[in-house]
Amino acid sequence: MTSQDRSEAVLVLADGRIFKGESFGAEGATLGEAVFTTAMSGYQETMTDPSYHRQIVVATAPQIGNTGWNDEDGESHGDKIWVAGLVIRDLSTAVSNWRAKRSLEDEMREQNIVGISGVDTRAIVRHLRNFGSVAAGIFSGEAAKQPHDELIEIVKSQPSMAGADLASEVSTQEAYVVEPDGEALYTVVAYDMGIKTNTPRNFSRRGIRTVVVPANTPAEDIAQYNPDGVFVSNGPGDPATADVMVGIVQEILAQKIPFFGICFGNQILGRALGMNTYKMKFGHRGINVPVLNHLTGKIDITAQNHGFALEGTALEQFDTPFGPAHVTHTCLNDDTVEGVALVNGLAYSVQYHPEAAAGPHDANPLFDQFVELIQANKK
């Protein structure tokens with residue numbers, strides 16, 4: 001499809017900013033929170049990450065679509081696209097990857113995902129950095145022909161991400177098992193708050209049988225699996241609404257079951273230990289974010305995707321009903337809390353994504369740390 005064949009599209013922000021471009025993917029209208037990712041690769045993993053539910057993603061990479069779409073890199077069940085919409089500067093007209101099965105645009109049309117191209121993504125990102133993530137909408141085709149004042153009102157009418165309880169919308173409805181690659185050494189119950197498929201895969205490589213359960217599954221219900229450890233995954237929405245999961249994690253900590261959390265799981269553990277959360281101005285979304293481990297002094301380059309964070313400071317220590325706890329990791333860009341743990345080591349979590357997909361593997365040994373924790377707890 002040539003530029004002349006594409007219909008008009010507009011990106012409308014709730015604060016009144018409007019960016020005109022061209023439609024790609026499905027035609028129509030979509031609403032969500034406008035956020036940006038600085039990742040230069042891995043758009044398929046980004047778009048299928050359930051943590052992006054109800055978000056319109058602005059890509060800072062100047063051209064998107066070069067590697068097409070394959071059947072291997074999706075991070076959700078059925079390769080479902082979770083982003084509400086995609087905003088890009090330039091759509092690649094050629095697909096160049098030996099694994100590609102179809103183009104990005106073909107997949108977006110198949111899954112009815114609305115996109116806009118030909119916009120100044122640098123200007124959009126500067127606006128979001130200056131004024132923060134904001135409610136937005138993409139309108140294309142006939143939908144783009146409505147008066148701009150009406151489109152702005154439509155965008156303003158959508159629910160805020162602050163206070164949004166979204167985990168139940170992306171979580172599995174039934175428990176399922178991911179078997180290890182070889183002999184099962186241990187069993188881990190993983191709470192699916194929006195889990196990425198690469199997480200159970202990392203457990204499998206380490207001899208872990210992973211039982212993935214729906215969000216908010218009562219702690220007493222997971223006893224039937226006789227778990228050697230409990231994991232809480234990444235996911236979308238405001239952690240301040242996750243009171244049920246906070247209570248569940250507190251029960252698990254009281255039972256002294258080894259615990260590991262990623263992203264949303266980090267915020268849940270923090271809240272279970274008495275910390276508070278807040279909505280960030282524009283969040284962290286990219287695959288090159290530096291994080292300092294204050295326990296080792298080492299720096300990891302990490303993959304991140306979060307718009308909420310825990311309140312706290314580097315090396316802060318505090319008392320909890322489960323023993324002393326401390327802040328273990330912070331972001332070198334802005335000092336955001338990136339990890340917390342019980343001092344006894346029985347529970348720990350990080351805000352970033354050691355499973356990557358896409359991104360660097362610096363933090364992948366955190367999965368080994370969990371296996372070692374389980375081993376030590378069995379003795």
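Any Cβ shown, glycine's included, is placed from N, Cα and C.
Binding site for L-glutamine per Swiss-Prot: Gly235, Gly237, Phe264, Gln267, Asn305, Gly307, Phe308, plus Ser51 from the candidate set Ser23, Ser41, Ser51. If you take the C-beta of Cys263 (active site, nucleophile) and look for same-chain residues 6 or more apart in sequence within under 8 angstroms, you find Ser51, Ser233, Asn234, Gly235, Asn305, His306, Val350, Gln351, Tyr352, His353. A simple Cβ count within 10 Å picks out one of the binding-site residues Phe264, Phe308 as the most packed, and that one is Phe264. Note: the L-glutamine site is recorded as Ser51, Gly235, Gly237, Phe264, Gln267, Asn305, Gly307, Phe308; in the same chain, Met193, Gly194, Asn234, Pro236, Pro239, Cys263, His306 also have Cβ atoms within 8 Å of that site's Cβ centroid. DSSP gives Gly235 (L-glutamine binding site) a coil state; it is part of no helix or strand. Residues Ser51, Gly235, Gly237, Phe264, Gln267, Asn305, Gly307, Phe308 are listed as the L-glutamine binders, and the farthest two of them sit 14 Å apart at their Cα atoms. Gly237 (L-glutamine binding site) has a Cβ environment of 25 other Cβ atoms inside 10 Å. For Gln267 (L-glutamine binding site), the same-chain residues that are 6 or more apart in sequence and have a Cβ closer than 8 Å to its Cβ are Pro239, Ala242, Thr277, Phe308, Ala309, Leu310, Gln351.
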